[in-house]
Amino acid sequence: KAEQIFGEMEVWNAISERDRLEIYEDVLFFLSKKEKEQAKQLRKRNWEALKNILDNMANVTYSTTWSEAQQYLMDNPTFAEDEELQNMDKEDALICFEEHIRALEKEEEEEKQKSLLRERRRQRKNRESFQIFLDELHEHGQLHSMSSWMELYPTISSDIRFTNMLGQPGSTALDLFKFYVEDLKARYHDEKKIIKDILKDKGFVVEVNTTFEDFVAIISSTKRSTTLDAGNIKLAFNSLLEKAEAREREREKEEARKMKRKESAFKSMLKQATPPIELDAVWEDIRERFVKEPAFEDITLESERKRIFKDFMHVLEHECQHHHSKNKKHSKKSKKHHRKRSRSRSGSDSDDDDSHSKKKRQRSESRSASEHSSSAESERSYKKSKKHKKKSKKRRHKSDSPESDAEREKDKKEKDRESEKDRSRQRSESKHKSPKKKTGKDSGNWDTSGSELSEGELEKRRRTLLEQLDDDQ
C-alpha cells in the first residue's frame, strides 16, 4: 500500500527495494512508539483531570457509589466541557474512582481514630481533674478513710469537675471516690505504726478518760503527722481507747475478785469467832475483838466492814429462823402421831363388848375394808413421803451456808426413821391381810360395800379386824 502511495515519487524510486523496506519498517516502529507515548500521556492527563474533579466534589464521600458518581460528573461543568475526558476509557475512570473512594475511606478511618483519641484524652483529663479535686478535699480534712459518699455528695456535686465526669464511660465519680477511700484505708496499718511511734516519743498513753482532742493535739505536734489521714487517726484512737477500756475492765474484775476474797475471809473470821457472835450483837461492841486480825486489816473502809457484818448477821438470823421452824414442824408431827395412836387404843377398848355371833360376817366384811383402807393408807404414806422429799429438796436449795450441813444430816435421819415406820406398818398390814385363803364359796360371800363407806368407818372396821385377829391368836 505504501508503494502505491509513494511509487511515483523520485525519492521512492531513488533507492533500492531493500532499502525502501528497511526504511519503511523503521518509520513504522517510530510511529508506533510515538502513538503509544501520546496515548500514555493522554491517559495520564485524563486520570489527573478526573481525580481533581472528584477531589473538588464535596458531595462525593467514602460511601458514594459509582452510579451516583457518574451522575455527579455529568452535572459537573468542568467534566462536561472536556471532550477528551469524556472519551476516557471507562475502565480507567472506574479504577480512578475506586482509588479515590479508598482514599476517602482511609481518611474517614483516620478521622475516627483521631476523634476517639481526643475523646479518650478528654475523659482521662476529666478523671485526673476529679482526682485532684479529691486530693483537695483530703488536704482540707473533708475527705478521709471514714468518709461516705452520701456525706460528701452535696460538696462534690457542686463542683464542675464532678459535672464533667457525668455520662462518660469507664470509671465513674463514685468509683473514683471508693477507690480513693480504699487507698486511705489500706494505709491504716502503716499510719498506725507512725502514730504509736509518735506517742512513744512523747511518752503519752491513751487512758479511758483521754479525749480525742488531746490525742490529736499530741499527734499534730510533729511533722510526721502531715501525711496522716484524719480518718486513720480516728480509727487508731478508737483502737487504743478500746484497749484501755479492756485493761480497765480487767482491772475492775481483778479488784472485784480481790474484794470478794477479802469479804469471804472477813465472814470466815466472824463465823469462827470465839465465843460465837450472838444474834443481838452490835458491830461497835465486838469490833475490838477483830482489830488485829489480817482479814480485818484487809478491809480498809469502815463502811465496808459494817456492810459485811450486817450481811453476816442477816444470814445468821435467817438460818436460826429456819432451824427453829423446822424443829417446830417436827414437834407438830410427833404430836399428831401420838394423837392417832391414842385414838386407835380408845376405839379398840369400846369395841370389846361386841358379840361373837357377828365375828364371821364382820371378818369377811373387814377383809374387803382392810384392803381398801390399806391401799388408802399406803397412798397417804406415799404422798407424805413425796411431800417430805420436796421439803427436804427445798431446804437443800435454800441452805447454802456451812451451818445447814448439820440440819440436812438431821433431816436425813428423820426421813430414814419415818421410812422405817412406814415399811413396818406395811409389813404388819400384809400379815393381817393374808392369814388363810378362803375357798371360792367364802370369797364370793365378801361384802364389797366397804368401798362406798367413809374413811372413818373403814378405819374403825380395820381396828375391829385387828382386835379379832389378836383374840384368835
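Residue numbers in this text run from 1 along the chain shown.
Cβ coordinates are placed from backbone N, Cα and C, and glycine is handled just like the others.
Going by TrEMBL, these are the annotated features:
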COILED    94-126  coiled coil
COMPBIAS  323-344  compositional bias 'Basic residues'
COMPBIAS  383-398  compositional bias 'Basic residues'
DOMAIN    43-103  domain 'FF'
DOMAIN    123-183  domain 'FF'
DOMAIN    188-243  domain 'FF'
DOMAIN    258-315  domain 'FF'
REGION    246-266  region 'Disordered'
REGION    319-473  region 'Disordered'
Self-check item: Outside the coiled coil (94-126), six or more residues from its ends: residues with CB under 8 Å to it
Solution: 47, 50-51, 54-55, 60-62, 64, 66, 69, 161, 164-165, 168-170
Quiz prompt | Chain residues in Cβ proximity to the region 'Disordered' (246-266) (below 8 Å; excluding those fewer than six residues from its ends, i.e. six or more beyond) | solution = 208, 294-296, 298-299, 305, 308
Practice problem: Give me the mean pLDDT over the domain 'FF' (258-315), rounded to a whole number. | Solution: 85
